[in-house]
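Chemist: Take a look at this one; I'll ask things after.
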Amino acid sequence: MDVIKISPRGYCYGVVDAMVIAKNASLDKTLPRPIYILGMIVHNKHVTDAFEEDGIYTLDGTNRLEILKQVEKGTVIFTAHGVSPEVRKAAEEKGLVTIDATCPDVTKTHDLIRKVKAEGYHVIYIGKKGHPEPEGAVGVAPEIVHLVETEEDVRNLDIQAEKLIVTNQTTMSQWDVHDIMESVKEKYPYVEYHQEICLATQVRQEAVSEQAKKADLTIVVGDPKSNNSNRLAQVSEEIAGTKAYRIGDISELKLEWLKDVNTVAVTAGASTPTPITKEVIRFLEQFDHNDESTWQLEHSVPLKKILPKVKIKN
């Protein structure tokens, strides 16, 4: 089968930095144990499973404050998605050692919210409800940040502030953000724009929007909790016009999807381990509709291949 390996795809620098920070923590014998990650360090189960094998435990829950209640001692790592000041304060009051793996692009948004709050603004924040990144951003200044996910949410807003700015979650589809921002502008003509789609997300979406047009099908390799992975599938269908499926790894691929498909495009979310994506590409490249021996779907990437290698400091 012909395979279009969409480029760029896969890991972004924020994800790599977060994983290196956590990997170094696992090697640091001076850190108090146990070591916990407050939520998924990045949204990929293969990554969290690999860290657990290294003795770093991922805690899950409805929000970061609730998750923190599970921790009585040791070290906590804040994920790439960022946390609110309230979570940081709660960890400090518990006497926990904290390690911050927040993506620099997320930190920029937090800094923006602090800045405009001091200047008397309210903020309309476009993001996915229930996702940890908006949770952290709204938590920076909950009294002035208004979370919206849809154009209907915008219509339901009742903001009286004279100074208003609109910004967004870094991993949203830039086309969705544009449409919602237009709705905001229609309701609040004086609003100021500050789009925060991170560059890695933007170029990956643009690559899919162009390169997937040449394929009969797009496969996005990414975790179901990964917002940017889900958005890539959306971009393939809505912008490139190519049917798309998101899979966590090769074991989730369905052979019936490949019926009547001659060319398949493959991309991966920003938190998807490269070996997982390569395994999918290898399968598709050798797949032959007429040869059943090429139809075996087997995930075989060991966990030790998932995490980045780091140098041990002497």
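Even glycines carry a Cβ here, placed using N, Cα and C.
Okay, so Swiss-Prot annotates it like this:
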- Cys12, Cys103, Cys198: [4Fe-4S] cluster binding site (BINDING)
- His43, His81, His131, Ser226, Asn228, Ser271: isopentenyl diphosphate binding site (BINDING)
- His43, His81, His131, Ser226, Asn228, Ser271: dimethylallyl diphosphate binding site (BINDING)
- His43, His81, His131, Thr170, Ser226, Asn228, Ser271: (2E)-4-hydroxy-3-methylbut-2-enyl diphosphate binding site (BINDING)
- Glu133: active site, proton donor (ACT_SITE)
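Mind mapping these onto the model and telling me what they sit next to?
Modeler: The Cβ of Cys103 ([4Fe-4S] cluster binding site) lies under 8 Å from the Cβ of Gly14, Val15, Asp17, Ala18, Ala80, His81, Gly82, Thr170, Cys198, each of these being in the same chain and 6 or more residues away along the sequence.
Take the CB of His81 (isopentenyl diphosphate binding site) and look out to 10 A: across all protein chains shown you find 29 other CB atoms.
Proximity of His43 (isopentenyl diphosphate binding site) to non-local residues of its own chain (separation of 6 or more, Cβ distance below 8 Å) is seen for Asp223, Lys225, Ser226, Asn227, Ser229, Gly269, Ser271, given in sequence order.
According to DSSP, His43 (isopentenyl diphosphate binding site) is assigned to coil rather than to any helix or strand.
All protein chains considered, the CB of Glu133 (active site, proton donor) has 27 other CB atoms within 10 Å.
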Chemist: Say you check the Cα of Cys12 ([4Fe-4S] cluster binding site) against those of the recorded positions His131, Glu133, Asn228; which is nearest?
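Modeler: Given the candidates His131, Glu133, Asn228, the nearest one is Asn228.
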Chemist: Around the dimethylallyl diphosphate site formed by His43, His81, His131, Ser226, Asn228, Ser271, list the extra residues of the same chain whose Cβ is within 8 Å of the site's Cβ centroid.
Modeler: Met40, Val42, Ala80, Glu133, Thr171, Asp223, Lys225, Asn227, Ser229, Gly269, Ala270
Chemist: Where the record says His43, His81, His131, Ser226, Asn228, Ser271 bind dimethylallyl diphosphate, what is the longest distance in Å from one Cα to another among those residues?
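Modeler: With His43, His81, His131, Ser226, Asn228, Ser271 as the binding residues for dimethylallyl diphosphate, the largest Cα distance is 15 Å.
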